[in-house]
Amino acid sequence: MSNKDIRVVVGMSGGVDSSVTAYLLKEQGYDVIGIFMKNWDDTDENGVCTATEDYNDVIAVCNQIGIPYYAVNFEEQYWDKVFTYFLDEYKKGRTPNPDVMCNKEIKFKAFLEHALKLGADYVATGHYARIRRHDDGHVEMLRGVDNNKDQTYFLNQLSQEQLSKVMFPIGDIEKSEVRRIAEEQNLATAKKKDSTGICFIGERNFKEFLSHYLPAQSGEMLTLNGKKMGQHSGLMYYTIGQRHGLGIGGDGDPWFVVGKNLNDNVLYVEQGFHHDALYSDYLIASDYSFVNPSEIDLEKGFECTAKFRYRQKDTKVYVQRENENSIRVTFAEPVRAITPGQAVVFYNQEVCLGGATIDDVYKNEGQLSYVV
């Protein structure tokens, strides 16, 4: 089958990465369709309206490269699967990662299903990751060539079934090369700056945004020994290891968030970047997913490396089953500021094995006061 007989539906955001993705596939002779996903009703807020502007950029790029385009509305699915999860996690005192859930439920589920109905053989996105396809049909997900842009951390929940239908055309090139191609082809998005922040918040003030949906309750800010250091403005606004916004003056080392007590509405703080309370030996995680589950033996356990946040250096870990729903991840050496609600993502060199959601963090068999 030649490329012209293979239909690839590209998820286009109005950014340079997805624009170049569509361009490269068209150049390679595929039957390409561009789709703009509308996941958030920006008329809900008084924030900056970017969706219309982004869709106009998609239209401009698709017209330039000569492919058809559509807009598809996934607002309902996004609210049900991503945004309610996001709010529920904050209510529990955790720090969620909505990008992971968005990839799992929207971009590679709702969007993939929609694309297949359009006769797609594959979907493609502008993620910095790679797919390795084997002769027996199974696939592996590899880190993007541009180490600084690698996005496998956010794709850790994708299954074998999902990844077998996915292409990541820019995963093999550096971001600078993506920009160069866009400028060389004079694409409408060539000079557009990369978006930052959570997809549905955009450039808005996070604290203000969250306050629209969750009532904040101020409370005491204490050291672990009970010394009062001030007031916090709502536990949901703080994350483990946070330094800024505490309002603690005085001399000496800066202060950091080391824990939360939801029942008493207390925020725990301690002084010093390397304070003992910020370090842990192992964690318990749930909602684990592996790209090739048949190759993973949780009963026996296995060694690999892991990331606990995006762009963090890999840490050597040992992974084993804790119980029916959870895994235990033990670190080769103590790790600082691991945060419940975030993803732990596993790697074997350049291969991303999968990931899980961090629930509890321990030191010397004792649970840290991260969320009590």
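Using N, Cα and C of the backbone, Cβ positions are placed for all residues, glycine too.
Annotation note: CYS102 (active site, nucleophile) sits in a helical segment as assigned by DSSP. For CYS102, the entry in Swiss-Prot reads active site, nucleophile.
Per Swiss-Prot, the feature ATP binding site maps to GLY11, MET12, SER13, GLY14, GLY15, VAL16, ASP17, SER18, MET37, GLY126. Sequence-distant contacts (6 or more apart, same chain, Cβ under 8 Å) of GLY11 (ATP binding site) comprise SER18, ILE35, MET37, LYS107, PHE111, VAL123, ALA124, THR125, GLY126.
Summarising the annotation, Swiss-Prot assigns disulfide bond to CYS102-CYS199.
Around the Cβ of HIS127 (site 'Interaction with tRNA'), a 10 Å sphere holds 27 further Cβ atoms from the protein chains shown. Here Swiss-Prot flags HIS127 (among others) as site 'Interaction with tRNA'.
In the three-state DSSP scheme, GLN342 (site 'Interaction with tRNA') falls into the coil class. Residues or ranges marked as site 'Interaction with tRNA' by Swiss-Prot: GLN342 (among others).
Cα of ASP17 (ATP binding site) to Cα of HIS127 (site 'Interaction with tRNA'): a span of 7 Å.
Here the Cα atom of CYS102 (active site, nucleophile) is found 14 Å from that of SER13 (ATP binding site). For the pair HIS127 (site 'Interaction with tRNA') and GLN342 (site 'Interaction with tRNA'), the C-alpha distance works out to 20 angstrom.
Here GLY15 (ATP binding site) comes close to ASP54, ASP57, GLY126, THR189, LYS192, ASP194, SER195: these same-chain residues lie at least six apart in sequence, with C-beta atoms under 8 angstroms from its C-beta. HIS127 (site 'Interaction with tRNA') falls within neither a helix nor a strand when secondary structure is assigned with DSSP, and so counts as coil.
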